[in-house]
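In TrEMBL this protein carries:
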type     : residues  : note
DISULFID : C72-C82   : disulfide bond
DISULFID : C170-C180 : disulfide bond
DOMAIN   : 3-101     : domain 'SRCR'
DOMAIN   : 106-201   : domain 'SRCR'
Amino acid sequence: RALRLAGGRSRCEGRVEMEQEGAWGTVCDDGWDLADADVVCQQLRCGRAVRVHGAATFGRGSGPILRDEVGCEGHEENLWDCPAAREHDCSHKEDAGVVCSEHQEWRLSGGRDGCAGRVEVFFRGTWSTVCDGTWYKLEASVLCRTLGCGEPLRQLSFDHTLPGKMVYQCESLQPSLAHCQWTYNKSAPCHQSRAAGVVCNGTRP
């Protein structure tokens with residue numbers, strides 16, 4: 001019995017999919033709430049649930065709809081330990097999804113479009129800035145590509161004005177910054193740093 005999140009930007013975000021008797025299926029969003037999503041996140045070692053989604057936010061799944069009216073209390077070890085209806089009146093347009101706290105997503109804010117500005121990361125339920133102490137061309141390249149913004153043109157620096165601080169160090173061109181080494185809210189690497197910014201050569205509509 002396996003569990004996964006599909007259609008998201010990381011393994012800790014997406015449409016909830018379960019495996020039963022060798023087939024992957026989805027969960028209906030009727031009654032889908034934070035306690036249910038929490039069990040999924042903890043089972044996947046993705047922290048806690050920070051957002052709950054229904055209505056196929058991460059796209060429509062395929063295969064059987066394996067659970068409806070899920071009723072976890074939040075302390076269960078596995079999603080299949082929770083009470084649920086086996087019969088359902090759902091379609092895949094009602095597939096349930098979740099964003100867990102260990103998911104990371106990025107944006108560039110304050111620029112003319114989404115391809116320039118201060119680097120901000122959504123992690124553990126809040127937006128944070130990125131320390132520029134270890135922010136070089138490689139890290140900027142990973143981010144610009146992840147955002148669909150091409151390659152970095154130049155680096156910027158800003159003040160830290162958000163509650164958290166993230167540090168990234170990439171050894172090679174990774175699919176996203178979450179695949180590089182990172183630390184969150186560790187003061188030493190951020191001491192006397194500024195907040196990283198970048199102008200990428202692409203534009204976003």
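Easy rule for this one: first residue shown is 1, then count along the chain.
Note: Cβ is positioned from N, Cα and C throughout, glycine not excepted.
Any TrEMBL annotation is an automated prediction that lacks curation.
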For the domain 'SRCR' (106-201), the DSSP residue counts stand at 20 helix, 42 strand, 34 coil
List the helix, strand and coil residue totals of the domain 'SRCR' (3-101) as derived from DSSP.
16 helix, 34 strand, 49 coil
Number of Cβ atoms other than its own within 10 Å, given for C180 (disulfide bond)
19
